[in-house]
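Colleague: Before I ask anything, here is the structure I am working with.
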Amino acid sequence: MPTLDDILEHIGEFDRFQKQTFFILCLLSAAFTPVYVGVVFFGFTPEHRCFSPGVAELSQRCGWSPAEQLNHTVPEWGSHGAAYSSRCSRYEVDWNATGVSCTDPLGSLVGNRSSVPLGSCQDGWVYDYPGTSIVTEFNLVCEDSWKLDLFQSSVNAGFFIGSVNIGYIADRFGRKFCLLTTILANVVCGILLVFVPSYLWIVIFRFLQGLVSKGCWTAGYILVTEVVGPQYRRTVGILYQAAFSVGLLVFDAIAYAIPHWRWLQLTVTLPCCFLMLYYWCLPESPRWLISQGKTDKAKKIVNDIAKKNRKKMPSHFEDIKFEDEDSGKQSPSLIDLVRTPQMRKNTFILMYNWFTSSILYQGLIMHMGLMGGNIYLDFLYSALVEFPAAFIIIVTIDRIGRRYPWATANLVAGAACLATALIPEDLHWLKLIAACLGRMGITIAFEMVCFVNTELYPTYIRNLGVMVCSALCDVGGIAVPFIVYRLVEIWHELPLIVFTVLGLIAGGLVLFLPETKGRVLPETVEDIENFHRQSTPKDKKIYLHVQTSEVAND
């Protein structure tokens, strides 16, 4: 008996209906960007120094340039030397005193510069930035710099908690219901973020955004891969993630044009209101409907697909029927993810790869950011590198398969991190090339884990499986700031050594997963357990019941 994939071969695997669904879901993927990487601009920390009363007047009277003002009135930054000004301490002198020299103000006040007492920034900070961020608005620097870490950790904590809960909702109540409710919640939280006056409420609403937004993005990914045929599934999965990369470019341009975080937050949130039109534009997943025993609704959607694609439903495909030994709908359960040996192995390896991909992907961006530079150009470069990564996947995945390119990408990322750590600083160009190779490798690995994850779970727990495994991505997101910013104080390249070890182990573990090239999506746990066999098992499937004209006449 034919499967749903067999029906799609007759009515269109990626025709007008699927292209429309794919396009509108790509808008959702791009809209996820400000939530996932918004901290880059919302929490931007510009160069800053203590505000010292009287310095501005003295600088104006003496006609100092900004560099001269820093040299005369701001202490050095500890062991960093004279080239770096202190961000968290100031000279405890009275700059308003009479007789202050313009050529050596400290000498005229205290005589010996080295004996000038230092104090904390009691009167606030001066920021070298024309715009605003939550850092400049709430002074999240120096002893309060940990609050910026909490701001980002709250999002990842929301991702982590929401991964399982939203995944269950998508598998229990449907992909479309999950998308609409999470989009609405994300829009409400995003708008409230613009108007809340305190840091505490910002963290709370940021957490709530994380609670729903990643689950929304993943549910969209699941839906777009379930409505297309197997020949196009890998392509739409990759391009759905490439839409996120397009969102990175758009977000960078908007942030450049609007350097004030509240206006930026409002600008990227309001267009998401139009995503509520998905109620009329998006179908429910016919695979999910069949897995839940809702065959009449599944049949209607299949007929709509045929009509939209201007294809005629073959006469021998007149009914859809869910045939299973248990003759009832299957409910998703966390225990199913580890109940059998193959499912257990898949789950643990996928969880580790999600964890590693997140740490290396975000960690390399953070580590490169420690070198300073133009934030908008740095963000642009990090976004552009994702497009050739997507191209490499499309070119290799159907010719070679999933497993070997994925393993190679992890190994290249780990080796590139090691090379970056060992290359001396005076060979900056070579160090930059190695870092870009590492970013390229982990970008490929990150896209692969999201894509392959959907192919290694049966339909009725596919969304739950992706959500649970990707929850380790959020654990990595919580841990990576501590790995980068704490270890770099011991040795600047130490985080890269950690990335090397994680990447190499991930590459080795991928080789223990089954190859999914050319396989139909598994429908039952038994399919997963027999995935290592050459032929796809047919003993327990979701079938499309065929009524031929002869049967009807009988």
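Keep in mind that glycine also has a Cβ here, set from the backbone N, Cα and C atoms.
Sharing the features that TrEMBL gives for it:
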type	residues	note
DOMAIN	100-518	domain 'Major facilitator superfamily (MFS) profile'
TRANSMEM	21-44	transmembrane segment
TRANSMEM	150-170	transmembrane segment
TRANSMEM	177-196	transmembrane segment
TRANSMEM	202-224	transmembrane segment
TRANSMEM	236-257	transmembrane segment
TRANSMEM	263-282	transmembrane segment
TRANSMEM	349-369	transmembrane segment
TRANSMEM	375-397	transmembrane segment
TRANSMEM	404-423	transmembrane segment
TRANSMEM	429-452	transmembrane segment
TRANSMEM	464-488	transmembrane segment
TRANSMEM	494-513	transmembrane segment
Colleague: Quick test of the contact rule: Cβ under 8 Å, at least six residues beyond the ends. What residues does that give for the transmembrane segment (375-397)?
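Modeller: Contacts with the transmembrane segment (375-397): 40-41, 44, 234-235, 238-239, 241-242, 245, 248-249, 252, 255-256, 365, 368-369, 405, 436, 439-440, 443-444, 447-448, 451, 517.
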Colleague: Looking at the domain 'Major facilitator superfamily (MFS) profile' (100-518) alone, can you tell me the average pLDDT?
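Modeller: That stretch averages a pLDDT of 84.
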Colleague: With Cβ distances under 8 Å as the criterion, find the stretch in 150-170, 177-196, 464-488 that has the most pairs with the transmembrane segment (202-224).
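Modeller: It is 150-170 that shares the most Cβ pairs under 8 Å with the transmembrane segment (202-224).
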Colleague: Six or more residues out from either end of the transmembrane segment (21-44), which same-chain residues have a Cβ under 8 Å from its Cβ atoms?
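Modeller: Distal contacts: 14, 129, 133-135, 140, 148, 151-152, 155, 179, 183, 186, 209-210, 213-214, 216-217, 220-221, 223-224, 227-228, 236, 239-241, 243-244, 246-248, 250-251, 255, 261, 264-265, 268-269, 271-272, 275, 278, 281-283, 375, 379.
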